[in-house]
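As recorded in TrEMBL, the features of this protein are as follows:
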type     : residues : note
ACT_SITE : Tyr68    : active site, proton donor
BINDING  : His129   : substrate binding site
DOMAIN   : 34-312   : domain 'NADP-dependent oxidoreductase'
SITE     : Lys98    : site 'Lowers pKa of active site Tyr'
Amino acid sequence: MQNHFAKENEYIDCREKMASKKVIKLINGVEIPKLGFGTWLAEPSVTGEGVKTALRLGYRHIDCASRYLNEPEIGEALTKTFNRNQDIKRSSVFLTGKLWSQDFHRVREACEQSLKDLQVDYLDQYLVHHPVGIKPDCSTFFPEKGEDLIPWEANKFQETWHEMEKLYKKGLVRSIGVCNFTKHKVSKLLERLPEVRPHTVQNEIHPHLPQRNLIDYCRAEGISCTGFASLGNRERPPQMIDAGDTVLLEDPTVGAIAQKNKVSNAQVLLAWGMQRDVSVLTRSVHEREIQDSFNAMELELDSEDVEQINGIKARCRYLKAKWYCLDGQSLDQVWDDEVLG
């Protein structure tokens, strides 16, 4: 038994060294791994196993959110992993949490609940999950009526951001940021000269939604970017799928580059994101797929490959957030009429 654990720890150490080579340093010096393991849409009872598998295989960035309704299970998985494997410590794992839209008025309480559920003393990153708020008395996670929404307004959001700053100053979180914010909304936040600027903007980013303007703007402002739906979010609920949606993993350009490099399409997509200095998220509950995605850390696309992917014309936003829409508002207006480029 001891020999088995010795070999496992040696394997873990090797994978951890590989992961440590690819990090992004935030403006405050905190390092975020370029490859992260997402936890959205995983079935109950398998989320924890997926997290334990990801950590064992070398992932050191776990992306969580209270809205995913699985933080207690993830907390159990983290505690078991930290207790069993001395080579996997809390300090070596980057944990992201998110403030749900119904909690804008109770930021501290929401964060502390996530800390309790995840069984940790601090988060490495805490993000505002969506710019649009939901009224506290709304009975559903995704409102069906616009009257249940709290429209995004820069002045009102500033109050929520002040509470986020307090979490950072008190050491409950090591960095703060926003999720699903357009370039316009990020710029409006910065215009108000916050005492603590956002360290990270997380958004949907992939070759069919490259977000060039957002990434360039954030980079110029010293803000890091994290991309979700890196593989096209195949498992999104049916109500989120439109007839004209593309299938990212079946993109012919990506497939040709994968064949050329003798790797999977998923590895090509993840490597492309990481080479843009974007932290990318992937998710699965199957060990083979979790391992395959982690192997993207070893892939370096040449300039021709990158240029071909950058030249892909197909465009699609997979997570459209239709529930954002106020009565009479279009999706284009929700996303501030920013082009899918």
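Note: Cβ is positioned from N, Cα and C throughout, glycine not excepted.
Caution: TrEMBL annotation is automatic and unverified by curators.
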Per DSSP (helix/strand/coil reduction), Lys98 (site 'Lowers pKa of active site Tyr') sits in strand
For the residue listed as 'active site, proton donor', the same-chain residues 6+ apart in sequence with C-beta under 8 angstroms from its C-beta are Thr39, Trp40, Leu41, Ala42
According to DSSP, Tyr68 (active site, proton donor) sits in helix
When each of the recorded positions Lys98, His129 is scored by other CB atoms within 10 A, the minimum falls on His129
Whole-number Å distance separating the Cα atoms of His129 (substrate binding site) and Lys98 (site 'Lowers pKa of active site Tyr') is 5
